[in-house]
Amino acid sequence: MPPVSVEAWAKVNLYLHVTGKRPDGYHLLDSLVVFAGIGDTLRVEAADDLSLSVDGPTAALLDGMGGNIVLDAAQALARAAQIPALARIHLTKRLPVAAGIGGGSADAAATLLALSRLWGVTLPPAQLHALALALGADVPVCLRRRPTRMGGIGDTLAEVPPLPAAWLVLVNPRIGLSTPAVFKARQGCFSAPQPLESSPADAEQLAAMLAHRGNDLTDAAISLVPDIAEVLQMLQTTPECLLARMSGSGATCFGLFAGQAQADAAAAAIAAVHGQWWCKSAPLLSAS
Ligand code: C5P
């Protein structure tokens, strides 16, 4: 079997509302999740044992973070398929970690997809979904790799009307943020889930649709990492930026742009002022 490569695209929550809390402490969400055309790369090949090597611009951020979710995903898939977990896995890490754009979740989902192909395993969809959910609340949506309305704790996934072509500028102040800490710091009441209106025709209409939706974790994240407020301010005041929001539990924020020229110019302008920030432009992926 030849090696298999899968891109682990960055996950972006265009809006994220917290609608409740379960007795076990997990929060109920209502979120429009999309993927940006920038991510980590997962490559797997046949081997006599299970190993993971990592390189790439943000690989050093994984040091000292304990067990890697990629190996957890490989072992969980092998257990479910009742086969030995044998593969050489290589991860090229480009996304910041603990950053609200699903780096670890996307890597885990890419591992499940790549190893299913390498090992010739086809789990029933419900079993694969449950296995992904056990790895992390964002892993099921990362398996879908296309715009999705996410509910429950991340386990209720629904199709959304087609989204228009658009570009994103992702900006992270290079400060990691713990998801449980952000949920714990959240204050205020719960939002009501809002159905999505009809399909927006272009990026401007998408921004208008999102204008009255936000990210309910923003204030909590800013209370832990005040730089997020500066990132949002910088994006909001950048020419041609249609909308600026935080993704997930932060600290990565995104700006929405109509096209590549506007997004590239914005990313260059932000990088010129804040060279220490991680700042990338990427297309919004409308399909997997
Ligand atoms: O499932 P995952 O490991 O990604 O979640 C990390 C932590 O984030 C959970 O232990 C929980 O504290 C918090 N979380 C939450 N509600 C969600 C997702 C995550 O409270 N829907």
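The chain as shown is numbered from 1 upward.
Using the three backbone atoms N, Cα and C, a Cβ is placed for every residue, glycine included.
Model, not experiment: these values are computed from the prediction.
Here is what TrEMBL says about this protein:
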| type | residues | note |
| --- | --- | --- |
| ACT_SITE | LYS11 | active site |
| DOMAIN | 68-143 | domain 'GHMP kinase N-terminal' |
| BINDING | PRO96, VAL97, ALA98, ALA99, GLY100, ILE101, GLY102, GLY103, GLY104, SER105, ALA106 | ATP binding site |
| ACT_SITE | ASP138 | active site |
| DOMAIN | 206-272 | domain 'GHMP kinase C-terminal' |
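Structure with TrEMBL features highlighted.
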residue	record	DSSP class
LYS11	active site	strand
PRO96	ATP binding site	coil
GLY102	ATP binding site	coil
ASP138	active site	coil
Cβ neighbours of PRO96 (ATP binding site) where a neighbour is any other Cβ within 10 Å:
24
Pairwise CA distance, LYS11 (active site) versus GLY100 (ATP binding site), rounded so that it is a whole Å:
8
C-beta crowding around ASP138 (active site), within 10 angstroms:
29
Can you list the residues of the same chain, besides PRO96, VAL97, ALA98, ALA99, GLY100, ILE101, GLY102, GLY103, GLY104, SER105, ALA106, whose Cβ falls within 8 Å of the ATP site's Cβ centroid?
ALA10, LYS11, LEU95, GLY248, THR252
Cα distance, ASP138 (active site) to PRO96 (ATP binding site), nearest Å?
16
Given a 10 Å Cβ-Cβ cut-off, pick out the one of the binding-site residues GLY100, GLY102, GLY104 that has the most other Cβ atoms nearby.
GLY100
Look at each of the binding-site residues, ALA98, ALA106, and point out the one with the fewest other Cβ atoms around it within 10 Å.
ALA98
Euclidean distance between Cα atoms of GLY102 (ATP binding site) and ASP138 (active site), Å:
7
Per-state residue totals over the domain 'GHMP kinase C-terminal' (206-272) - DSSP helix, strand, coil:
35 helix, 10 strand, 22 coil
